[in-house]
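The structure appears below as structure tokens.
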Amino acid sequence: MDHKEMRKVMQGAFVLTLASFIAKVLSALYRIPLQNLVGDEGFYVYQQVYPIYGIAMTLALSGLPQFISKYVAERKDPLQRKAALQKLYPLVFWTGVLLWLFTFSFSRWIAFMMGDLQLKPLIQIVSFTFLLMPGLSFYRGNFQGRFLMEPTAVSQVIEQFVRVSIIVCSALAFRMLGWNVYQTGTAAMSGAVLGGLCAYGVLHYYEQKIHGGALSFRHFSIFNRPPKPLIRRFFIEGGLVSIYSGLLIFFQLIDSFFVKNALEVYGLTEQSAKIAKGVYDRGQPLVQLGLVIATALSATFLPALTRYLMSSVPSQFLKTAKIYLRLTTALALAASVGLAMLLPYINYALFKDYAGNAALVLFVFSIALTAVIQAYQSIAQSKNSFRPSLKGAGWGLLAKALATPLLTGRLGTVGASLSTLLGLAVTLWYFVHTEKADINSFWKERKFGKKLIQCLSWMILSLFLYYGLLMLVFGPIQHRSTAFLVSLVGVIIGAFVFVNAVIWTRLFTVREWLMLPFGKKILRITNNLKSEEKPCD
């Protein structure tokens, strides 16, 4: 890959990262007015069915487009690319149709297994997103395979904007028109279909504008039988990227089937179990925002790792992989610990009460586990290592599925949070167990682990002192606006102390700082590091 092409790839990665950031922020923030307007029971209704939409969009936005783009990029000749797409299209098309057919036809059974038959119309509505999956993924994958990232980015943002607008309008209708929570949820879920249709329209426009319709998949036959090696590669590689792009969504799907039912075993009435599940689901938007950092780092490091591996520079690959793991571990742990410390006030500021604090404090630590898992998976993906990654995800999901009913039935939503952490820990353990020792040694080099614990301890201590001072001077927080201000100041204090502790302990080298967003500015402001970088290894 020449310099010009690499620059195009990096620019494209930046565009996709920016679009992903905007989409994730929108996807996280709309849940706050939704919960405020429809309450915890209404939030429960929406979140029960959301994982089905999440899986469809993960396939259409991340998993399949990445696989298709890689498959297209392997061929330089336009005719070969078109032939490759023609072989692949029936596979993607029938996968979408079968997923829609299963979800729609068995919507009553799915609702029954979730413990709430009134969810049936929501499941039927959201099932139609699977029919949009082939078109969306093919358009995006074809564009990305040619390093044209703008169509994917624009379609992603417009899709989220339309969906979020319809969800907020549905929540307002609940208040103003007297809809019940299931009518509101059904209307809100229609936003997923309409948003997908708008994204399809945007991608079709770009295809006509750039290619004049010459490469339109709509002219491809859906009855050509793909070769067996392609089928195997599609399900292994495409499935792997899809699972890890939406790992927490698959965990949420397990929660949808088990948590509400287990809470009734725990001793709650059906109504109370719905509300408790809605409270537990408050953790999802917080975790989504926390994982934006991991997404940005993945987009930055994955092309570099692949480049070094293809260039046969193992020492540079090893060094880059360990830097990636160090940055991800430090930032994700800092985000998890800081969020856990501030969570009681954030919970009150955003969701109107302190309900579910214990479960939510535990749940936000899934940020750290998921981010490090994604880092290991990106390293494995850059080496074209797929089967161990699939096994790791499988063991983690199995642990989550087995632990959720057991722990939730005994400990309530605290048990549900613990089951999520257990499942993620199993997946991470599998990655560490199968990865080479020289990559895993990132934790020991330059006393990284010890220094990180020091930095986190200073942040925790500063926030404890901050809380203590607040209680002494002002007493308990009585207003949401005050809680929001307290949370905001807490974020600033925690970040300031952590960054200064990182600089003081020399947790990161100058090179590692320069790889972080705003790292150069932070170094310039603090001016506390020596100009010469210490060795990374």
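Residue positions begin at 1 at the first shown residue.
From the backbone N, Cα and C atoms, a Cβ is placed for every residue, glycine too.
Note: TrEMBL annotation is automatic and uncurated.
Feature list (source: TrEMBL):
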TRANSMEM  12-30  transmembrane segment
TRANSMEM  50-68  transmembrane segment
TRANSMEM  88-110  transmembrane segment
TRANSMEM  122-140  transmembrane segment
TRANSMEM  188-206  transmembrane segment
TRANSMEM  234-254  transmembrane segment
TRANSMEM  286-306  transmembrane segment
TRANSMEM  327-348  transmembrane segment
TRANSMEM  354-376  transmembrane segment
TRANSMEM  414-432  transmembrane segment
TRANSMEM  452-477  transmembrane segment
TRANSMEM  483-505  transmembrane segment
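Counted over residue pairs separated by six or more positions, the transmembrane segment (50-68) shares at least 3 Cβ pairs under 8 angstroms with the transmembrane segment (234-254), which defines the two as touching. Taking residue pairs at least 6 apart in sequence, the transmembrane segment (483-505) and the transmembrane segment (414-432) share fewer than three C-beta contacts under 8 angstroms. Outside the transmembrane segment (354-376), and at least 6 residues removed from its termini, the chain residues within Cβ reach (under 8 Å) are 40, 244, 247-248, 276, 279-280, 282-283, 286-287, 290-291, 293-294, 297-298, 301, 324-325, 328-329, 331-333, 335-336, 339-340, 343-344, 347-348, 392, 412-414, 416-418, 420-421, 424-425, 427-428, 431-432, 435.
Remote same-chain residues near the transmembrane segment (188-206) are listed as 34, 46, 49, 53, 56-57, 60, 122, 125-126, 128-129, 132, 135-136, 139-140, 143, 148, 150-152, 154-156, 158-167, 170-171 (criterion: CB distance under 8 Å, separation of at least six residues from the stretch ends). A Cβ distance under 8 Å defines the sequence-distant neighbours of the transmembrane segment (483-505), meaning residues of its chain 6+ beyond its ends; these are 330, 334, 338, 341-342, 345-346, 348-350, 451, 454-456, 458-459, 462-463, 466, 470, 477, 522, 526, 528-529. Packing against the transmembrane segment (234-254) from elsewhere in the chain are residues 47, 50-52, 54-55, 58-59, 61-64, 66-67, 70, 88, 91-92, 226, 284, 287, 291, 366, 370, 373-374, 377, 381, 386-387, 389-390, 393, 396-397, 400-401, 404, 420, 423-424, 427: each is 6 or more residues past its ends and has a CB under 8 Å from a CB in it.
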